[in-house]
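Trainee: The structure is given below, and queries will be raised subsequently.
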Amino acid sequence: MIETYSQPSPRSVATGPPVSMKIFMYLLTVFLITQMIGSALFAVYLHRRLDKIEDERNLHEDFVFMKTIQRCNKGEGSLSLLNCEEIRSRFEDLVKDIMQNKEVKKKEKNFEMHKGDQEPQIAAHVISEASSKTTSVLQWAPKGYYTLSNNLVTLENGKQLAVKRQGFYYIYTQVTFCSNRETLSQAPFIASLCLKSPSGSERILLRAANTHSSSKPCGQQSIHLGGVFELQSGASVFVNVTDPSQVSHGTGFTSFGLLKL
């Protein structure tokens with residue numbers, strides 16, 4: 001028996017897309033990307049061009065408006081009297097608004113300059129503290145009728161008003177005391193307005209005295225001191241009395257203050 005052998009046919013090998021297809025896809029991709037970039041650039045150009053055209057149109061309208069005003073003033077052209085009056089009214093309103101805005105800006109600028117050059121107001125007013133009956137230097141309450149305009153004047157240790165700017169100050173004090181209270185001596189009641197310099201030295205600026213009274217009940221009397229003095233930066237002022245136990249500390253009786261001139 002003769003056996004026949006047939007050789008199997010070779011398997012077909014899968015092949016990729018042809019080279020021409022790859023080139024086509026590559027070119028198509030490049031074309032699409034280029035078109036997108038070109039469209040974006042054209043949109044930017046068109047937007048800027050439209051803005052420029054809008055500005056030119058506004059300038060042209062302004063130019064036409066000004067030419068129309070000139071024609072109205074000269075009586076030229078075919079514009080009626082009513083149209084000219086309306087145009088003049090619009091122009092006057094425009095000029096009025098411009099002048100008002102200019103005047104407002106000028107006032108604001110002058111106000112800022114004046115505000116920058118203006119000296120800060122320095123003032124203080126304090127009332128006595130009842131706990132100061134045992135010390136000759138009167139103490140002042142940090143509450144109640146207590147006024148300090150800014151940080152350029154401070155109340156130090158409850159006793160002294162210290163200033164941080166050199167200048168002329170009006171300094172004043174009122175001390176109310178009981179004139180017939182029993183005392184060990186009949187020496188007059190003395191109140192002194194004193195200055196403490198930045199170096200620490202002290203001196204009396206003003207002084208007043210009042211004699212005791214024999215009337216009963218207690219007869220209250222007041223001593224007023226006040227004057228203008230030049231103070232250095234860092235100087236302080238305080239009030240000293242000979243007998244603090246006689247001082248009246250009711251509201252408005254005893255006070256102390258200063259004002260920069």
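Glycine is treated like the rest: Cβ placed from N, Cα and C.
Because the structure is a prediction, the values reported are computed rather than measured.
Take a look at what Swiss-Prot says about it:
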type	residues	note
TOPO_DOM	47-261	topological domain 'Extracellular'
DOMAIN	122-261	domain 'THD'
DISULFID	Cys178-Cys218	disulfide bond
CARBOHYD	Asn240	N-linked glycosylation site
Trainee: What Cα-Cα separation, expressed in whole Å, is found between Cys178 (disulfide bond) and Asn240 (N-linked glycosylation site)?
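Mentor: If we compare the Cα positions of Cys178 (disulfide bond) and Asn240 (N-linked glycosylation site), the gap is 16 Å.
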Trainee: Provide the three-state DSSP residue tally for the domain 'THD' (122-261): helix first, then strand, then coil.
Mentor: 7 helix, 72 strand, 61 coil
Trainee: How many other Cβ atoms sit within 10 Å of the Cβ of Asn240 (N-linked glycosylation site)?
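Mentor: Result for Asn240 (N-linked glycosylation site): 19 other Cβ atoms within 10 Å.
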Trainee: What is the number of other Cβ atoms found within 10 Å of the Cβ of Cys178 (disulfide bond)?
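Mentor: I get 20 for this one.
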